[in-house]
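Pulled from TrEMBL, these are the features on record:
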type	residues	note
TRANSMEM	55-74	transmembrane segment
TRANSMEM	80-101	transmembrane segment
DOMAIN	88-226	domain 'Fatty acid hydroxylase'
TRANSMEM	136-157	transmembrane segment
TRANSMEM	163-184	transmembrane segment
Amino acid sequence: MVAQKFNVDLSKPLVFQVGHLGEDYEEWVHQPIVSKEGPRFFENDFLEMFTRTKWWVIPVVWIPVVCWLVTMSIRMGHAVPQAALMVVGGILLWTLIEYALHRFLFHIRTSSYWANTLHYLLHGCHHKHPMDGLRLVFPPAATAILCVPIWCLIRLLTTPTTAPAIFGGGLLGYVMYDCTHYYLHHGQPSKDTARDMKKFHLNHHYRIHNKGFGITSPLWDIVFGTLPPPMPSRKSS
């Protein structure tokens, strides 16, 4: 007896449905629905509330934390120019973390019920509904959880006085990433650089989802050979 394929009902909360897709989840999640109206995740209104975050919440919550971290290194004896260099180093470190997370965690292939469900919550929802503006940036609670291992790694590899400013730089890089990501989906850039960034990222969503993992910079795509091939140029009529 051949088992019937599971069909997701988009009119009902999605989170606890997608796990039933099994191996079909990978194909389903990369068939985007282009609508600014996002789906419902949970039946429970309290849980649903935590799945939606406005983009401006990210700088409002995290910029004060960045400032506090940088001033910690300054209070511990580092001059402002030294702290500034640490921040720049932290931003560069973030671009690598951004690339690694996006490539190896956000695009991990899943097929079991709970793996599909967790992947959908983490990143799959964004590929299925790429224009859902309230589920584009990371909720602060999720960011705080991801910050813990990154902070521990930086503390391990640096010194007690440099770690805060470097971590602050990484956190600033994250804020730049989330705000840039939102703008690439919902902004209308007028400058060539921003238009190229938008084209590069939308190419990842709608054409080749296993290439082009950098959001704020294609640097690590160049280094690790994951640049997508150029889009065909349109012939003028």
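Glycine is no exception: its Cβ is also placed from the backbone N, Cα and C atoms.
Remember, TrEMBL labels are computer predictions, not curated facts.
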Exercise. Under DSSP, the domain 'Fatty acid hydroxylase' (88-226) has how many residues in helix, strand and coil?
Worked result: 100 helix, 0 strand, 39 coil
Problem set entry | Best-contacting stretch, by C-beta pairs under 8 Å, relative to the transmembrane segment (163-184) and drawn from 55-74, 80-101, 136-157 | 80-101
Exercise. To what whole number does the mean pLDDT across the domain 'Fatty acid hydroxylase' (88-226) round?
Worked result: 95
Exercise. What residues in the same chain, six or more past the boundaries of the transmembrane segment (136-157), come closer than 8 Å to it by Cβ-Cβ distance?
Worked result: 50-51, 53-55, 57-58, 61-62, 93, 97, 101, 126, 163, 166-167, 170-171, 174, 178-179, 181-182, 185-186
